[in-house]
Amino acid sequence: MTDPERTIAAQATAAGQGAIAVIRMSGPGCMDILKQCTPAAFTERLRPRRATLVCIRDAEGAAIDQALVTWFPAPASYTGEDTAEISCHGGMLVTDRLLKRLYQCGASPAEPGEFTKRAFLNGRMDLTQAEAVMDVISAGSDLALKAAQSQLDGGIGAQVDELKDNLVHVLAHIEAYIDFPDEDISPDTASDLLARLRNMEEKLDTLLKTAEGGRLLREGIRTAIAGPPNVGKSSLLNTLLGYDRAIVSNIAGTTRDTVEESIQLAGLALRLIDTAGVRESSDVIEQAGITRTNRALETADLVLEVADASTPRVKDFPAPVLTAPRLLILNKCDLGIHPDWKAVPGIRFSCATGEGRKELEEAIIQAFSSSLPGETGSSLVAINARHQHELGLCREHVRLASESISRQESPEFTALELREALTHLGEITGAVDTEDVLGAIFSSFCLGK
C-alpha cells in the first residue's frame with residue numbers, strides 16, 4: 001500500500017558507472033530533506049522547473065558531490081507531489097552516499113514503480129498510461145515504441161472513455177424505466193438502445209482484435225529458423241544479424257542448441273531462433289538439440305524453413321504440427337537452382353551474396369500484416385493481455401444486456417449487465433481498481449520509475 005505521507009527516493013538512471021546519474025525524490029518532505037543536506041538558504045534559491053547548482057553534504061558537513069537540483073512543486077510534477085531531481089556525477093559510490101544521506105534525512109527507499117503509481121493515484125495519468133510508461137522503456141522496435149507512446153498519450157484510455165459514455169447513456173435510460181415502473185420501454189427507444197449496444201460490440205471487437213498484434217509488438221515475433229542439417233540455417237541467422245553469431249561449418253550437426261538473437265525489421269522486433277538441424281540421429285546430444293528445435297517450432301510465431309536449393313530435393317524435414325506461418329527459403333541459389341526446386345514456390349536466397357533479402361523481409365511483413373495493430377485516427381492501438389481480459393468480459397455483459405432488451409425482460413436485469421460492463425471498463429483505466437491489480441502492474445517497473 002502506498003503511503004502518501006511518505007517521501008520516497010531512488011536512482012532514476014541505470015545503476016552502474018556513468019557520466020551523470022539522476023536521483024529522484026517525491027513526497028511532502030522533499031523540501032525539508034533538501035534543507036538538511038544543503039547549505040543554509042539554498043532552498044530559497046530554488047525555482048520551479050529550473051536546475052540549481054549546490055554541494056550536497058553529509059551529516060558532518062563534508063561534501064558528497066556537486067549536483068544540480070531541479071525542483072517540481074506539486075501538483076505540476078510527474079507524481080503530482082513535491083518532487084526533486086538531483087543530477088550528480090554517475091559514480092556508484094557517489095550515488096550510494098547521496099541516497100544514504102537522503103534516507104538519513106527522512107526519505108524512504110522507493111518501491112519498484114512507486115513514482116508512476118503515485119502519478120496514477122494522484123490523477124496525473126490513468127492506468128493504461130501508467131502501463132505505457134513501462135512499454136516505452138522496454139520497446140524493442142519502432143512500432144512497439146509508437147504504440148506505447150500512443151497509449152501514453154491516452155489513445156486507449158480515450159476509446160475506453162467513449163465506450164463508457166455510451167454505456168452510461170444507455171444505463172441512464174434503463175434506470176429511468178426502473179424509477180418509473182408504470183411505463184414500458186417503447187419500441188423506438190428499445191431499437192435506439194439496441195443500436196447503441198451493437199455499435200459498442202463492434203467497437204469492442206475492433207479493440208479485441210489488436211491483442212495479438214500488441215503481444216507481437218511487446219514480445220517480438222518469435223521466428224524459428226529450421227530445416228535439415230547443413231542447409232545454411234546458421235548462415236541465414238548471421239546474414240540477417242549482419243555479424244557472425246552462430247558457428248558455421250559444412251559438418252552436419254554443428255548446431256546442437258538453439259541460438260537466439262533479436263533484430264528490427266521494418267519497425268518490427270524479430271526474435272530469431274537458430275535451431276539444430278532435424279534428422280534421425282543416434283547422438284544423444286544431437287537428439288537433445290532436436291528436442292529443443294521442436295519446442296521452438298511449437299512456440300514460434302513464424303517459421304523460416306531453410307532448404308539447400310542447389311541439391312536434389314529430399315522429403316520434407318520432420319517437424320511437429322505447426323500453427324505459425326511458414327516461409328520456405330531456397331538457400332544457396334548462387335550455386336544454381338537444382339531442377340527439383342525450380343517449380344517450388346519459395347524465396348530464392350543466398351547467404352553468400354545477400355540475394356533475396358528484400359523479398360524475405362517483404363514476405364515476413366506480409367505474413368503479419370493482418371495481425372499487427374493499425375492506425376485509429378492518429379493513434380496506433382495495441383491492447384495488452386489485461387486489457388483483453390477486461391474488454392472481453394465487458395463485451396459479454398454488453399451482449400447479455402442487448403439480449404435482455406430484445407427479450408423485453410425487466411429493466412433491472414438489463415441494468416445489472418450494464419453496470420457489470422462499466423465495472424470492467426473501469427478496471428482498464430483504473431477508475432475501478434484493486435490493490436492486487438495495481439501491485440501486479442507496478443511491481444514490474446524499475447526502482448526510479
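Using the three backbone atoms N, Cα and C, a Cβ is placed for every residue, glycine included.
Residues annotated as (6S)-5-formyl-5,6,7,8-tetrahydrofolate binding site in Swiss-Prot: ARG24, GLU85, ARG124, LYS449. Taken from Swiss-Prot, the feature domain 'TrmE-type G' covers 220-369. Residues or ranges marked as GTP binding site in Swiss-Prot (evidence: sequence analysis): 230-235, 249-255, 274-277. Here Swiss-Prot flags ASN230, SER249, ILE251, THR254 as K(+) binding site, drawing on sequence analysis. Look at Swiss-Prot and you will find SER234, THR255 tagged as Mg(2+) binding site.
Location within the structure of each feature annotated in Swiss-Prot.
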residue : record                                              : DSSP class
ARG24   : (6S)-5-formyl-5,6,7,8-tetrahydrofolate binding site : strand
GLU85   : (6S)-5-formyl-5,6,7,8-tetrahydrofolate binding site : strand
ARG124  : (6S)-5-formyl-5,6,7,8-tetrahydrofolate binding site : coil
ASN230  : GTP binding site                                    : coil
ALA276  : GTP binding site                                    : coil
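Of all the binding-site residues listed here (ARG24, GLU85, ARG124), ARG24 has the Cα closest to the Cα of LYS233 (GTP binding site). Cα spacing between SER234 (Mg(2+) binding site) and GLU85 ((6S)-5-formyl-5,6,7,8-tetrahydrofolate binding site): 47 Å, rounded to the nearest whole number.
Taking the Cα of ALA276 (GTP binding site) as the reference point, the closest of the binding-site residues ARG24, GLU85, ARG124 is ARG24. In this structure the alpha carbons, written CA, of GLU85 ((6S)-5-formyl-5,6,7,8-tetrahydrofolate binding site) and ASN230 (GTP binding site) are 56 Å apart.
Cα of ASN230 (GTP binding site) to Cα of ARG24 ((6S)-5-formyl-5,6,7,8-tetrahydrofolate binding site): a distance of 54 Å. Taking a C-beta cut-off of under 8 angstroms and a sequence separation of 6 or more, ARG124 ((6S)-5-formyl-5,6,7,8-tetrahydrofolate binding site) has the following same-chain neighbours: PRO75, TYR78, THR79, GLY80.
The highest number of surrounding Cβ atoms within 10 Å, among the binding-site residues ARG24, LYS233, is found at LYS233.
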